[in-house]
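To start, the structure itself, in structure tokens.
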Amino acid sequence: MKAIIFFCFLSVMVFIVAEASSLEALKIFEGERDCVGENGRCRDWYNDCCDGFYCSCRQPPYCICRNNNG
């Protein structure tokens, strides 16, 4: 009985650690890609171009950030 309880406890701990590490990795990835500058690749649905730029998808799947003024 103690072995079953220990196994359940261990499984829960492994799940918590795995979930926490995947969330941390996601935060790191999002932090690396704060915004994309002019002529950088972007994703239209993600709105990842810097201020003053918009994501243009004239030739999908290669969308690029273009200047709002021209």
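Glycine is no exception: its Cβ is also placed from the backbone N, Cα and C atoms.
According to Swiss-Prot, the protein has these features:
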type     : residues    : note
DISULFID : CYS35-CYS50 : disulfide bond
DISULFID : CYS42-CYS55 : disulfide bond
DISULFID : CYS49-CYS65 : disulfide bond
DISULFID : CYS57-CYS63 : disulfide bond
MOD_RES  : ASN69       : asparagine amide
SIGNAL   : 1-20        : signal peptide
_Spatially, which candidate from the recorded positions CYS49, CYS50, ASN69 is nearest to CYS42 (disulfide bond), comparing Cα atoms?_
CYS49
*DSSP three-state assignment (helix, strand or coil) for CYS35 (disulfide bond)*: coil
*Using a 10 Å radius around each Cβ and counting other Cβ atoms from all shown chains, which of the disulfide-bonded residues CYS35, CYS42, CYS50, CYS55, CYS65 yields the largest count?*
CYS42
*May I ask for the distance between the residue listed as 'asparagine amide' and CYS57 (disulfide bond), taken between their Cα atoms and rounded to an integer number of Å?*
17
_If I take the alpha carbons of CYS50 (disulfide bond) and CYS65 (disulfide bond), what is the distance between them in whole Å?_
8
_I'd like to confirm something. Which of the disulfide-bonded residues, CYS35, CYS49, CYS55, has a Cα closest to the Cα of CYS63 (disulfide bond)?_
CYS55
*Going by C-alpha positions, which of the disulfide-bonded residues (CYS35, CYS49, CYS65) is nearest CYS57 (disulfide bond)?*
CYS65
*Candidate with sparsest Cβ neighbourhood (10 Å radius) among CYS49, CYS57, CYS63, the listed disulfide-bonded residues*: CYS57
*Between CYS35 (disulfide bond) and CYS49 (disulfide bond), what C-alpha distance do you get in Å?*
5
_Pairwise Cα distance for CYS49 (disulfide bond)/CYS55 (disulfide bond) [Å, integer]_ = 6
